[in-house]
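Asks: A single structure is presented below for examination.
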Amino acid sequence: MEEGLIDRLLETLWLDRRLSQNTLNGYRRDLEKIARRLSQSGRMLKDADEADLAAAVYVDGEQRSSQARALSACKRLYIWMEREGIRTDNPTRLLKPPKIDKNIPTLITEQQISRLLAAPDTDTPHGLRDKALLELMYATGLRVSEAVGLNFGNVDLDRGCITALGKGDKQRMVPMGQESAYWVERYYTEARPLLLKGRNCDALFVSQKKTGISRQLAWMIVKEYASQAGIGHISPHSLRHAFATHLVRHGLDLRVVQDMLGHADLNTTQIYTHVANVWLQGVVKEHHSRN
């Protein structure tokens, strides 16, 4: 019964909202977790009340972000159940997500980015691929899943832009800049054929297995060159943070940055204003004569 409800909800979300498979899998994990906790008290998703759900969601010792995510999944479920006539009420209506302290992204400086981008050996096919990948990710602010999911058809070198497929399969066009376009074109014409060795592959960035690179490989590439450049605590998402923060610092309108990042809500983008301000405060503290 519980699995059936979850399956029906996820099918509806996929059909109506075109949510990505990763998002749907996340909803499934959270709802199955809540269903297991309810079953320990002899209750089910279908008949749980507000108190049951509060006890299942707000578990001592669990991260608040996990609680908030589980509550969000529950709210979607009960809105759908009420709409479908499975229930006549929504027991999550008054439940509030726990307050979460915003994690300010660690800022990578432009000097560190320069060292990172200079690290790959572009005289080798793998190094040229890695150089193109790093340049593109920093130039566009792509999520790692968007970068590894690119086909060459998504890249318009003449216009200097790419078409990214973001969350919910939403497309957006992002300028890639001359430097990034140069390295992507060099990789595509010089290194990619050597990596594929005659095989056909739609993916822009390919591995020695002659298939598109995975998110895990992209993560390893970033970590490897960050280590070579003497930069710690960096991930592919750090390049996205750096892209946004550096644009805001140089005065680009926040709504333009929002569009380039593919954020649905401007509030999500505003964190980069704070990061840029923190950087500015540090510069003043270091260089002002009164500090």
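Backbone N, Cα and C atoms are what each Cβ position is placed from, and that goes for glycine too.
Summarising the annotation, Swiss-Prot assigns domain 'Core-binding (CB)' to 1-82 and lists sequence analysis as the type of evidence. Look at Swiss-Prot and you will find 103-285 tagged as domain 'Tyr recombinase', backed by sequence analysis. Residues or ranges marked as active site by Swiss-Prot on the basis of sequence analysis: Arg143, Lys167, His237, Arg240, His263. Among the features that Swiss-Prot reports, active site, O-(3'-phospho-DNA)-tyrosine intermediate is placed at Tyr272, with the record citing sequence analysis.
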Asks: By Cβ count within 10 Å, point out the most packed of the active-site residues listed: Lys167, His237, Arg240.
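Replies: Result for the most crowded candidate: Arg240.
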Asks: So what sits near Arg143 (active site) in its own chain, CB-to-CB under 8 Å and at least six residues off in sequence?
Replies: Gly166, Pro236, His237, Arg240, Gly262
Asks: Check the domain 'Core-binding (CB)' (1-82) for me and report the mean pLDDT.
Replies: 88
Asks: If H, G and I count as helix, E and B as strand, and all else as coil, what does DSSP give for Arg143 (active site)?
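Replies: Arg143 (active site) sits in coil per DSSP, no helix or strand.
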Asks: Would you list the DSSP helix, strand and coil counts for the residues of the domain 'Core-binding (CB)' (1-82)?
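Replies: Result for the domain 'Core-binding (CB)' (1-82), in helix, strand, coil order: 62 helix, 0 strand, 20 coil.
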Asks: Per DSSP, to which secondary structure element type does His237 (active site) belong, with helix, strand and coil as the options?
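Replies: Where His237 (active site) sits, the three-state DSSP reduction gives helix.
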